[in-house]
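Participant: Once you've had a glance at the structure underneath, I'll fire off some questions.
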Ligand code: PAF
C-alpha cells in the first residue's frame, strides 16, 4: 500500500474522518523524525493493532530550550519516508511550524502537566515538558487516534503524556513501546549521531551502570542512596557529566523506598556535547 505524505491539516482530518466513519481504528505515532528502529517498532505495533496508521514528523521548537539542539536536530525526511513505507505506515503528517503555531510560540496556548514534571528532565530542561504536552495535545486533537504510541526510552515523557490524557479526559489509549538498543546496550536515539567516534563506545556505559544498579536492587540492596552515589561515581570516572541518576517509583516518579515494588532508575548524562537519557525498570514482589 502506498503512503501519502501531507502537511494539510484540513485534508488530513477529512481523510481520517472517512476512515473513522467506516469503523477503522486509527493508530498514531508522533515523532520528530530521524527515525530509528525504536520508532519503527512503534509503527509496527500500530500496524498490528490498528486499521490505519498515521505518523507525524515535526521538530517541535516549543520543547527545545535556548542553547539546545533545535537548529541542528537531524532532519532526514526522504530516509524516514522509505522506512515508514516499509513498516506499513499509511499516512505521514509533516506540518509546518506556522500551521501548528499560527500566532507564534509566545502567543500559543500552553499545557502544563504538574507534579510528574517536577523532577528529573523537568528540573533540568525548564519548559521542555510544557512544549511536549502542548504539541502532543495539538497533534492528538488533529489526528484523533484511538491509540497513540510512545517510546519508553523517554520514560518521564510517557508519564507526562499519560497524565495529560487522563487529566484532560482525552479519548485516546496511550501505549508505550520498549526501548530498542544497539548491540552494546546503548538506547537508540536520534541524538546518538552527535557522539564522537571516541565517545560512542563509552556511551554504552550508561546502560551498563543502570543494569548494575538494577541487579543490586534485585539482589536485595536496600540503600538506594548508596547505589545512586556509586552509579554517579562510575559515570564520572568514565567521563560523563551526569545531570541526574534517580531511583524512583515508576508510577509517580517520586523517590523510591525499599518497600516499593515497581521501581525505575532514570538517568540523564552528557558525554562530550551529547545529552543521553536512559532508564531501567525493576518490578519485584515482597511476597
Ligand atoms: O519523543 C518525541 O519525539 C517528541 O517529544 C514528541 C512526542 C514527538 C513530541 O514532539
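Backbone N, Cα and C define each Cβ position, glycine as well.
Automatic prediction, not curation, is the source of TrEMBL annotations.
Since this is a predicted model, take the numbers as computed values, not measurements.
When I checked TrEMBL for this same protein, it listed these features:
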ACT_SITE  39  active site, proton donor
BINDING   32-39, 151-154, 188-191  ATP binding site
BINDING   63, 157  (R)-pantoate binding site
BINDING   63  beta-alanine binding site
Participant: Out of 39, 63, 157, point to the one nearest residue 190 (ATP binding site) in space (Cα versus Cα); all of them are recorded positions in the record.
Facilitator: 39
Participant: Out of 34, 39, 151, 188, give those recorded positions positioned within 10 angstroms of residue 157 ((R)-pantoate binding site), comparing C-alpha atoms, in sequence order.
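Facilitator: 151, listed in sequence order.
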Participant: Where ligand 1 binds, which of the recorded positions 34, 36, 38, 39, 153 are close by, with Cβ under 6 Å?
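Facilitator: The recorded positions passing the 6 Å Cβ test: none.
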Participant: Cβ-Cβ under 8 Å from residue 38 (ATP binding site), same chain, 6 or more residues apart: which ones?
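Facilitator: Correct list: 151, 153, 177, 179, 180, 187, 188, 189.
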Participant: If I take the alpha carbons of residue 36 (ATP binding site) and residue 63 ((R)-pantoate binding site), what is the distance between them in whole Å?
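Facilitator: Residue 36 (ATP binding site) to residue 63 ((R)-pantoate binding site), Cα-Cα distance: 20 Å.
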Participant: Given the recorded positions 32, 34, 39, which one's Cα is the least distant from that of residue 63 ((R)-pantoate binding site)?
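Facilitator: Spatially nearest to residue 63 ((R)-pantoate binding site) by Cα position is 32.
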